[in-house]
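K.L.:
Dropping a structure here in structure tokens format, bear with me for questions.
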Amino acid sequence: MRLGADDSRKHLDAILEKNAITLSETSILENAQSFVIKLRQINTKEMASIEVSATSSASTATTMGTEGKKAPRKNNLVIEADSKIKRELNRKDLKYSHRPSVCVVIIKWFSTVLLFLLLLAFVNFSKIGAISLSHMMSRGVLETGTAQQRAHGILVLLQIATIVPHVFSFLRGILTGALRKDIPWPSRRSLIGGVALSVVESVGTTLFVFCVPGLTGPGTTVLLMSGVFVLPVLYNALHSWMEHRGSTAKFFFTVALAFELAGLCLAGYTFANHNKVPDQDVGTVGDSTSFGVMVIAVLCLSVAWIPAIQCRLLNTGSDADVTLAQPIDESLVFASEIMGHSEPSSNGYQSISNSNHMRPSVRLNNVIAAQPAPKPNRKLAPSTWKLTIVMSAVKAVCIFGFSILFYAEVLPNASADDWVKGWGQMSQLTKTDWVMFVGNIGGTFFGYFTAYFACTTRMQRFGFSVPLTLFSTPLSYVTFYAMCPRGVLCEGKYTTVGNQTNFVFRPCFVKKALNASNCTMYGDAFSVSALVLLVVAQTLSNGYLLFGSQFLAMLKEDQLFWTPMYTSGLLEQWLMLSKKTEYHDEQHEDPVLKASRTKVIICTTMYREADYEMRQLLQSINGIHRAQTDGVRKFESHIFFDGAVKDVNFNPTDFVLQLISLAEEELGVKAQFCTRTRTPYGLSISWNLNTKLTNNLDRDMFFKIHLKDNIKVRSALDMVFKIHLKDNIKVKNKKRWSQVMYMSYVLDFILKQEKCSEEECFILITDADVRFNVNSVEALLDLMTRDPSVGAVCARTHPLGSGPLGWYQVFEYAIGHWFQKAAEHVIGSVLCSPGCFSVYRCSAIRDILPEYATNVEHAFDFLTKDMGEDRWFCTLMVQSGWRIEYCAAAENSTHCPEDFDEFFKQRRRWVASTLANLMLLVKEWSTISRLNARVSVVFLLYQAALLFATLIGPSSIILVVTGGLTYAWNVNPTSTVILQLIVTVLYAVMCLTTSSKTQLNTAKLLTFVYAIIMAAVMVGTAVQVAKDISKASDAALIHPSFPISTTTLYLAILVGIFLLTGMMHPSEFYCLLHGFWFFLCIPAGYLILMIYSICNITDQSWGTREVKEHSVRVAHRNWQDRLTAMFKEVFFCCFTRRETRSVESQTEAGVRKPMSRSGSVNESSETNTDTKTARTLNTSEAGLPSIHEAYDGLEDARESFSDTEEDDDKINNEEGVKVEEWLTSDFDAYDSVVQKFKENGFENTIFISKMTDEELKDMGIKRSGQKRYLMEKIKKLPDYEIVADVPKDVKSWLTKIGLIMYKTNFKQEHIKSSKDMEILKSFSRKDIETELKITKIGHIKRLMQAIAKLRNPTSVERKILEVGQRLKKSVLHKMREHQPEEEEFWQTLQNLCLLPQSTAYGLEEDLKRDLGELRNKWIVILAVFNTLWMVLIYTLADQGKLLSVASSNPVGLVVLVVFSFVLFIQFIAMIIHRITTATHFLARAPYRFGAKYRTAWALNDCDMPEETEARRARAEAKTQAEERIQNGRSTRVAKPEEKQPLLRQSEDSIYIV
């Protein structure tokens, strides 16, 4: 019974009073639905009556509590509304899944029609060629002389045409499967069965190809070929009745069997009466013999090609298989399919949990009983290809022997010696013979792969099924009828007139007359009737199965056909019977059912992104959420925020508040209604994004359950949006450790809580500034679901940015994806699936995470683990045997660096990481090749060539610039080389000795100079090419008859490749226009950047997203120290790297740069880290505690910190606390330290916050122990940030910032009002000291910070302030009280690998030293390598004319060969990948205008492939389960006596939240 608004309000007040809860009417008004959801946790039974009238309650609340408040305006101003641009953009964003254009549908239909025609043509070419050759051979053996010799030659051709497909399949099996260690050999049972079937098939094929056409006419042969369906149709009919497969299948198969038998009888009648027709000389073969040959041929192929037998042959598996699949309780199929397949309890039943602290989907699975999803068989790769090797070899051998045997035994006037004679009589073959031979070979080959392409692109209905079942046989029949009067296929005789021998044709298949009008088939009424019956039969049987089977896109041959091989002559029948269908495939699983079990967790790492970057990420997540409301897929979104907690009160940073404010706008959440939880790693803030219901019946079945009161209650498959705020005091910072956190969180907590299979759960990894759409996510998962050996799939990334640097990166990203990623995808595996937008399989992550979560202990580890974590993660994945793919159909956009400094710092990390991982790949090649069969020797050579090209990059650039300047300005090459070498060495020295700022400014200057030079090089090279072509110069030509030099030819090929590549990427062709900027910046990218990267591998900063903090402290360093340091850096080889320092110096260096809560100070350092490297003693020599002792001490310190931080609220107020109260009285030298703090202006924690160790040192605190203790306490202080604002007067402003004691100073300078304070914006530190008379460093620092914030706040800052205030209204929960299991998980993970290491007891100093040594080693290697290479090339270019090869010196030619090898592999791989991408595109394209893309994995079931048999089974299961649910009972078929209700209902209504 529905309650009115007043009654609902009373009932609501009663519940609130009963539970001692007070909620303002404003909160009810703002989010009535969220209020109802929260109240469900109080009393589900009482809330049942309130939920139905929540809207009424909200409307009633609008009239309450308004007394004393200002009435709202009736009309808003124009400026308060959204502009048209914003409205249009928002409207466009709502279309989360764009529909393909009209052109896409037209292309789909055009491709389908083209495949239809091609397949029809190829199949008929193959069939007509085989029958024609066999028919002419059988007629020729009856003749004498030249005609008989011709028949012997046809025998050889026919034998070759029949054996070639099996030899080709044998070779493909060797290349594809023989060398793959992950593919097992078939079991003994499979081998025996495969050999037996191969022998039987060989008998049938040989009889059909070599004998049957000679015993009857071609038309009858065509009819008999369709007779091989008789036993498969018989099996289907019996199986449908015995297994109760449905009335439709029973009807179709039964009628098809009747038609097949009738048609075969008529065909047999036509065959039997063939010899009785006059004028048909078919030899002396008896009727019984010929009829027996025909029957044996039909039965052998019919038996060998029964799909069930082929399926059984493959399902026998390998001896190495380990099956983990479990039997499924059929009574729980529907619930298992619907509710995510939760695990049953120990007693076999499902229980309903009363816990309110479980995850929503966990509670849902506990409410609805469900059988766990059948886990996929964890076995080695299928043995199909190795079985293909055996079967192809057996068939080739058997056909070779049987063809000679049956030819000699069945055909009259034939012997086995004719085969030997035939090899010497090939000259007697006519043009018709060769045309038929080529037609059969080509038609068979191209017909098979056309059929495969039609099936893998999911165009098999009209591109495969229809042409084969309805049109192929009639077309062959009609073709032979049309060829009949022309005498093309018939017997004739050679006549000799004089010295010329001619072959005279006779019209064939005539009764008595020889004219074309009487050319007709024998028994035309019977043969035509047989044709109709057989075509209808194969349409009803095979057509029904093939037309209703729409497999996944991009499947491989062994996934589409029982065995990936083909046969000659009967290709049409082979394709129809060897094509897998879910009716016969016992291992087939409905993709809709499989997709419904998948769970995708979106995990994002975030640090200090801008608001526009965060916004596009949230818009992308919102697109997934909106798409999820129309489907049943399970998504979650988790953002792991580095340095997100400011103080011990768990106040989030401004970046976090900015994210929450944007989430309110984009996701519709409210800060005050979040779930805020204190966690071991910091803080978590989460919401459930509400899912809207539709009226679709499937949604009702998935999202609603019927209770006894007939109330339909909505389930809680809402999308979880959770922000994890990391406290860098508690857990390690940096991106890799955030990845370790969310990977372990998903694997060890979420999946275990929800009982999900790792094979069917994926992590969508994104960066915080990425933009993607639903179609891209579906495309990635489309590839992921088709191949279980794929561990990750990455997408095409488009950089967002403007200016020359942005344009440079547009071209760089384009060629990187066009060539590099495509080549890796084709010849091996992608080596870097970037974290900006990729999908990872959870089972693959489990294999890698233990190694990925290890600490950095060596310098090389730092380059691989912390400088390029994504690439190292993928290297581990490849080493573990997984394959990584690149999906060009999925796209994403990310913001690229537009600032030169940020760009160079980013590439510094990338270059070092790429080199380190390439070295690691080559070094560990033996291990990788043993564990990963997808990685070949070609892949190794390709990667080695890339590494070689990268190492010689600097010298190659110098030579290229030298040659270009010679062409452009006729500059002396020697002078140019020497000048560039001097510049290069000087810049290297500068990178070793100066600050990062100086290095980058110099790099800017060199980039500009080199850009000017490259412009001249471009013009000079173009002029030289023109001279070469016009023969206007003395250029060294390849050959006098070929007036083009090697350089010109190479450049022409290079330009042609790029143009062709751009045309193959039409939507990205514009990227080539930015190649101009890329060309100008080639020296900057491959020379300057390389030197900068190698010289700065000691720099441990991240490089991007850094906030530069300027200190008011003036650092002093005398010139002697600077000169000594510079001398040591330049001549590092002359000094030992094992210097020692005292324990005190080491401790002092350890606290030099403390870790703050909001980030590491190390990361914002702008100086070369190695210049401050401390040479440390071994801990045992220095008397330091062991690592275990240090770790235990750190544990004790953290435990005491966690115990006291909750009570440390006094220091977090805005006024702070005095230094006397902040320091404990038992502190060593308490009075003197306090006095020093006061003397320097640090008398309050407001000023002490964010102090550095350098400032403590300047204050006079020299003792290392005191500094370490003070820095630890300083790190715990809040930031005391000053909010941007314009105060009313100076007094209020000084009070707010804690400097009220200087009110008189400001008054003396006539600074009183806000207008007077404008002068402060121009004050420097010197002005503050001289005019305001403020000299204490702490006060100066605070005042300068306040002056910087002396301005009107921006709209973003106002939103952040408001969000922070609303966020404080939410209740702060403790995870240990509400979610103890998750608390235990995080504590365990924290203790294992997330605890920050102590600077003094860690390996930081050793790491710095080792990085310096590694850097020096790399510099020496790079310098020596490039010097030798440049000297060799330059010398041979100048003096090596006597050694020239093709007018080039041999070393230069080797360089061209190496680069050409890399470019050739990339270009060929690009073409193959474009074909693969086109296949994927065609497979996803719909046939109807306005329809959505069709994928194997989609957010909506309606976008999934329609599979008739699976749909029927699911519909039946749905109907039965719905009846069981409504009746409140469920049966278990295993044991009838154990029947129990599927859903245990209580007297109370069940609410799922």
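Numbers run from 1 along the shown chain.
A Cβ is built for glycine as well, from the same backbone N, Cα and C atoms used for every other residue.
Under the heading transmembrane segment, TrEMBL lists 101-123, 221-239, 251-271, 291-309, 387-408, 525-547, 940-965, 977-995, 1007-1026, 1047-1064, 1418-1437, 1449-1472 (among others). Per TrEMBL, region 'Disordered' is recorded for 1145-1182, 1516-1546. Taken from TrEMBL, the feature compositional bias 'Polar residues' covers 1157-1181. The annotation domain 'SAM' is assigned in TrEMBL to 1219-1280, 1288-1353. The compositional bias 'Basic and acidic residues' annotation in TrEMBL covers 1516-1526, 1534-1546.
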K.L.:
Which residues of the same chain, at least 6 past either end of the transmembrane segment (221-239), have a Cβ under 8 Å from a Cβ in it?
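P.N.:
Here the qualifying positions are 127, 131, 135, 204, 208, 212-213, 245, 249-250, 253-254, 256-257, 260-261, 263-264, 266-268, 270-271, 294, 297-299, 301-303, 305-308, 473, 476-477, 480, 527, 530-531, 534-535, 537-538, 541-542, 545, 570, 572-573, 576-577, 583.
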K.L.:
At least three Cβ pairs under 8 Å linking the transmembrane segment (940-965) and the transmembrane segment (1418-1437), pairs spaced 6 or more in sequence?
P.N.:
yes
K.L.:
For the transmembrane segment (525-547), name the stretch out of 101-123, 251-271, 291-309, 387-408, 1418-1437 with the most CB-CB pairs under 8 Å.
P.N.:
251-271
K.L.:
What else in the chain is close to the transmembrane segment (291-309), if you only count residues 6 or more beyond its ends and a Cβ gap under 8 Å?
P.N.:
197-198, 200-201, 203-205, 207-208, 211-212, 215-216, 224, 227-232, 235, 239, 264, 268, 271-272, 410, 562, 570, 573-574, 577-578, 580-581, 584
K.L.:
Take the domain 'SAM' (1219-1280) and count its residues per DSSP category (helix H/G/I, strand E/B, coil), listing them in that order.
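P.N.:
The breakdown for the domain 'SAM' (1219-1280) reads 37 helix, 1 strand, 24 coil.
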K.L.:
Taking only the residues in the domain 'SAM' (1219-1280), give me the average pLDDT of this model.
P.N.:
84
